[in-house]
Amino acid sequence: MHSREIRQSFLDFFAAKSHTIVRSAPVIPADDPTLLFTNAGMNQFKDVFLAKGTRPYTRAADTQKCIRASGKHNDLEDVGRDTYHHTFFEMLGNWSFGDYYKEEAISWAWELLTEVWKLPADRLYATVYHDDDESARIWAEKTSIEPSHILRFGDKDNFWEMGETGPCGPCSEIHIDLTPDGSGKELVNAGDHRAIELWNLVFIQYDRQPDGRLEPLPQRHVDTGMGFERVCAVMQSKASNYDTDVFLPLFQRLSELTGVTYGASMDGRQDIAMRVIADHARTLTFALSDGAMPSNEGRGYVLRRILRRALRYSRDLGCSGPILHQLVGTLADSMGDVFGELRDRRDAVERIIRAEEESFITTLDRGMEIFGELAAATARAGGRMLKGEDAFKLYDTYGFPFDLTRLLATEAGLDVDGEGFEHCMQEQKSRARSDRREKQQTGDGAGSWQWFSDSHATTFLGYDRLAMPSTIIGAAHASGHLLLVLAETPFYAESGGQTGDRGWLESAAYRMQVTDTRKDGDSFVHVVSRAFDKVRDTEIDPMDIVIEEATPVDASVERILRQETERNHTATHLLHAALRRILGSHVQQKGSFVTSERLRFDFSHFSKMTPEEIQAVEAEVNEHIRCAAHVSKHADLPYDEAIAKGALAFFGDKYAERVRMVEVPGISAELCGGTHVDNIGQIGIFKIISESSAAAGIRRIEALTGRAAEMLLWKEYHELQDVRQQLKLKADEAVAEKLAELQEEKKELEKELAGLKSASVIDALVRDATSAEEIGGCRIVTKVLEGVDADTLRSAAMALREKLPVSAGLLCSIADGKVSLAAFSSDVAVKEKGIDAGKLIRLAAAAVKGGGGGRAELATAGGKNPDGVAEACRIFAEDVRRIAGAV
């Protein structure tokens, strides 16, 4: 039975039992911050089990894509070393939400296994929880299983719990005996691959209380899971999951790419490599197809670790270049009919993986060299343990995940100091936290705060007001600045990438200029850098101002600066939406910086944007701006409601239970606490001024809006007009064509000039050579020329050997700190004297710390030591004298 048929027969079986066949949830959980990856079939129904959600059906079945590569469910380091661990797998499952219970679940499982799939009943065992008499009775009375094959186990094996508290219940597992003689009873639940679990039937009937008590649930549920690859191996009578047709297309493609056949290696090393690569290619392809991106944190780093681990194993197959991306199409072809996203995202996933491979290959080579040196040094010192700081260096400098270093160490017969590595990691994190704290401080050397209120919190009212009265509740001085905290403020404090507002605070005695507003916990700190004494009508040092308790002030934000900032902030939302539509849904915001002057937006993407893509994004944003749509700001929404309305939220971002959503209907919806325009038409113009790399896998766009964009366009227009005037272009003549024409003329003139220069150099050399030293009838020419390029030098050498019938020489040139050498030997000198320019130039080049070679008649070399040129000439001349004088 083909794997495709096995999967479909499972779904058909439960569809006939009135189950709704649901789609697999993405392997990237959309609304569960506790998970990096979907790791079980029940994940998408977790809210039902927790009584926080419902479904329009009470019976369901599916095949769920799962990844187990992090946390307690982590099979990563076992993959490849055996034949049954995977980081990606499918989980077949059926569920009852307060509908049927144990009897139906057990009876149907037995029916599918023995009557539909025809598995031998005498090889099947059912395990039950030690005091679950109900399940044991159902197995005995409602199925044909042998009574002696009903086995009881305790909490460890047969009691399922979602967490320390919450839904839980007994489970019943179905195992199959794969021993040759059917003697596997004692191997059940013993971790032996000869008696493996096929199917786990979980009966959720209790609610675990904080004190450990089990309270009956008002509704009982069924949650079952069966490993698809494992059941395929059993159904197809294969020795392992990797021998099934699930993996066959991948192994065939790997064989085409590497010339290595799975199962043919003598020591098993290449088989391990093929298993690792096949498994990891599946994980990467499915994860990226569901919107994940490799990165340096969270799930992105797990994927990067997996990719780099696979690349390391590809070396065991003789691969030195990218290979993983070439398996994406194989998966799309073999599994795309079931998981359509593999076909839909094929091209994008291939590009992402290839870019990651190419990025790591160079550092992999260098890192492998460094590891080899460290391992050799450890062995020479009689040690068996690689230092933690060395492992951290490989991680920090060459991108080697710790598990990759540990793998290499194991292969070299070494251990790695994991505690030392972790210590280095924590030290780096501490330094980073310290740096962040320093950046968040309102000023160096800030004195102690003087507080006039028990509460240090500021209420922000600046969404609707730019000016208002308030009261100072805190004050401090730091590095020439006065720092003030107000009870209420219209000033936006820097956060979410948006810079703090600027403006004025005015008390009865002082007028104070606020040049920045920053957050410090719940306090909004207004940074005063200039102040004026209203009584004396003079400017004073902010450090000299003494704030009295409960000082009232009028706070006013610079309106124009705020409006320009709002234009740029709303533009980042439009830009994000356009990037996701044009480049793909893998695009996620990775950072932003919004000021009144410009905006900067960092986003996940695997390659440099083409000019066409940049133009398309810019055009789409401007098209939206021209639509002049209203911007809706939904304050204090429940998080779930905001997500239901389509707001973007990404794993790793922290959100409160109640959020603020900024929406441009039909275009963009994001969770955002920043300030925005009321209508996107107010943005005016959007102009991208640069696109660059911010980090591996992260691109950066800088752009202008409003007046700044308008001024840039006017500046560029006037510069273009100046160029047209200088080029004396007619109205219908294009600047680019004229410049190309001028550049071509310039090249021709440079070529002509180089020819004249070369001829001049050659003429001078020939004149000088007539008086050169002569030994044994052979002229010896050595000459150092300043600023002559290598081509001219070579041409001069060729001319001299033609002009001087019996001669040998070395010409040298120094340009930009580099040395070029050209040696020649005339035909007579080669044939009758045995003077070989190719051999002699190699000896001379050593003096300039270089190398080279060529024919006996003509040879070239280069070097990086200009101070050695005289010595090179001396060596060459001495060698020619020796050879010519001996003939």
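Placed from the backbone N, Cα and C atoms, the Cβ positions cover glycine too.
Marked as compositional bias 'Basic and acidic residues' by Swiss-Prot: 425-441.
Swiss-Prot lists 425-448 with the feature region 'Disordered'.
The secondary structure of His676 (Zn(2+) binding site), as reduced to three states from DSSP, is coil rather than helix or strand. Take the CB of His676 (Zn(2+) binding site) and look out to 10 A: across all protein chains shown you find 25 other CB atoms. What Swiss-Prot records for His569, His573, Cys672, His676 is Zn(2+) binding site, and it gives sequence analysis as the kind of evidence.
Around the Cβ of His569 (Zn(2+) binding site), the number of neighbouring Cβ atoms within 10 Å comes to 26.
Counting every protein chain shown, the Cβ of Cys672 (Zn(2+) binding site) has 23 other Cβ atoms within 10 Å.
Around His573 (Zn(2+) binding site), taking its Cβ as the centre, 27 other Cβ atoms fall within 10 Å, counting all chains.
Report note: the Zn(2+) site is defined by His569, His573, Cys672, His676, and the residues of the same chain whose CB lies within 8 Å of the CB centroid of those residues, excluding them, are Glu566, Thr570, Thr572, Val631, Val662, Glu670, Gly674, Thr675.
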